[in-house]
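Taking it in order: structure first as structure tokens, then the write-up.
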Amino acid sequence: MKRTKIGIGLSLGLVLTSFSSTSASAEQKALSVEKFNKEVNSPEFISGQLTSPNANKDDKVVFSYLNAHKDKYKLGDKSAEESFIVTAKQKDSLGSTIIRLQQVLNGVPVWGSTQVAHVKNNGVLTVFSGTVQPNLHEQQSIQSTPSISQNKAISIAEKDLGFTPKYEKKPNAEHVIYTNKDQATNTYLVKLNFLYPHPGNYFYFIDANTGAIVHKFNTIDKAHSEQQMGKSPTNVGNSSKQIGTGVGVLGDTKSLNTVLSSSNYYLEDMTRGNGIFTYDAKDTENIPGSIWFNSTDSFINSYDAPAVDAHYYAGKTFDYYKSKFNRNSYDNAGASIKSSVHYGTNYNNAFWNGQQMVYGDGDGQTFLPLSGAIDIVGHELTHAVTESTSGLMYQDEPGALNEAISDIFGILIRFYDNRNPDYEIGEGVYQPGTPGSALRSMDHPENQGNPDHYSKRYIGDDDNGGVHTNSSIINKAAYLLAEGGNHYDVTVPGIGRDKMGAIYYRANTVYFTQSTTFSQACAGLEQAASDLYGAESTEVDAVKKSFDAVGIN
């Protein structure tokens with residue numbers, strides 16, 4: 001069966017959100033773990049009682065630990081205070097302060113090198129998660145001042161792009177250290193973000209001294225817009241909340257929260273956070289477009305169907321995160337959720353662009369309108385959650401983990417809505433003329449030619465290092481954790497979907513970092529299970545076995 005990719009939005013945001021424990025009675029206890037990133041021979045996850053109880057401030061606890069272990073992290077003559085900056089700090093509901101850090105060299109960020117530390121109320125550091133790029137002080141080439149300008153770097157990237165896009169955000173260049181395994185380069189990170197002539201979010205790393213293109217990748221339809229065309233949420237003046245009905249893409253009837261104003265009914269749901277708003281892009285690339293409205297509270301025309309599903313499923317996704325984790329929208333601060341449907345012409349994709357959801361109508365053969373699948377809606381909006389928490393970068397194993405997290409929660413949201421749920425992603429809107437077709441399968445990833453074991457992983461550069469392929473390895477582990485089963489002679493005890501979701505949610509929000517590998521993810525998930533259910537719990541053992549079953553340890 002043909003393998004198809006669904007793109008998503010990604011940012012490098014470092015905002016940390018709080019977590020509501022599903023097992024408040026469980027005492028948080030750090031497992032004793034030390035895992036190394038084999039590519040750079042540097043720790044990627046260390047847990048246990050890493051410091052003695054003390055009265056120091058949280059930041060000082062972390063910096064003191066790092067200074068005491070400079071040799072382990074290979075900081076050279078640089079102090080921890082010179083090597084890291086604190087980007088976010090927040091109290092965790094289980095009794096720790098969570099501190100997020102960014103590695104720097106002479107004040108310049110090391111791209112993708114972020115860390116998270118957990119400090120208990122008594123000053124004990126229990127977890128330090130995230131790979132630190134080692135021995136940067138030894139590489140003289142990255143100590144120099146850039147010899148080309150930011151504008152020159154942008155021009156180099158634009159020339160390589162090969163066409164003139166219509167930018168959503170003015171191109172910018174940021175001075176960063178780019179690393180590839182143990183090699184580092186002084187670069188400008190140039191971001192080119194646009195929706196026309198087709199959606200794109202290009203990352204170019206330009207050597208800040210020679211102007212050479214060191215690395216580039218395109219998150220394709222993962223636009224990262226700060227400015228958008230069209231109208232913002234409409235202030236409809238004297239209005240009242242209503243409940244209407246609509247018929248979705250697959251012909252099912254749904255209740256819709258709407259607003260009545262001046263004899264028109266708008267797809268504005270003011271019962272959740274700061275609102276859910278649905279727009280009509282009218283077959284253009286201009287978003288958000290016009291707020292959707294009708295003269296009656298019945299949205300039953302075929303043209304309405306993608307808007308009905310986008311509106312309803314955005315609400316269900318909000319409800320899932322709120323009811324399971326007390327998360328208030330994707331940013332945990334009540335952000336409004338905006339969706340645009342009828343994007344482009346026969347556009348076979350859906351994406352989160354950093355501010356809103358965008359759905360194509362499909363061409364009728366590869367896809368029906370993509371908002372018609374709740375797991376696709378949940379998948380894309382979960383990328384917004386990841387963007388607001390771990391910030392998993394969109395390439396190689398971190399990118400595959402990012403994709404897997406969205407697949408996992410897309411499916412969990414589908415079960416939450418309880419409309420013929422299963423573990424097939426995109427079923428119903430993908431290849432509508434072929435029964436049983438799905439984009440990916442969590443229980444049987446091999447059905448779409450995807451790997452079900454780490455030994456079968458894709459090794460190459462396509463698809464940003466196989467983010468839509470290798471995600472299936474994590475998907476399979478999550479499926480086994482929820483449902484149980486025997487895989488490659490490893491028997492995994494199923495713990496149920498709710499517990500699986502709670503463990504993955506906690507790991508993504510408080511243990512994963514931008515560069516989290518599959519190995520680091522395993523450690524973070526085991527620690528999340530320990531936090532929620534106890535260090536000696538069946539749940540911790542089940543997480544370990546689920547990763548053993550797919551060849552990750």
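Backbone N, Cα and C define each Cβ position, glycine as well.
For GLU380, the entry in TrEMBL reads active site. DSSP classifies GLU380 (active site) as helix under the three-state reduction.
The active site, proton donor annotation in TrEMBL covers HIS468. Secondary structure at HIS468 (active site, proton donor), taken from DSSP and collapsed to helix, strand or coil, is coil.
Per TrEMBL, domain 'FTP' is recorded for 83-131.
Look at TrEMBL and you will find 148-213 tagged as domain 'PepSY'.
Residues annotated as domain 'Peptidase M4' in TrEMBL: 244-387.
Marked as domain 'Peptidase M4 C-terminal' by TrEMBL: 390-552.
Annotation comment: TrEMBL describes 434-453 as region 'Disordered'. DSSP places the residues of the region 'Disordered' (434-453) in helix, strand and coil in these numbers: 4 helix, 2 strand, 14 coil.
According to TrEMBL, the signal peptide annotation covers 1-26.
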Exercise. In whole Å, note down how far the CA of GLU380 (active site) lies from the CA of HIS468 (active site, proton donor).
Key: 13
Quiz prompt | Site of maximum Cβ density within 10 Å, from active-site residues GLU380, HIS468 | solution = GLU380
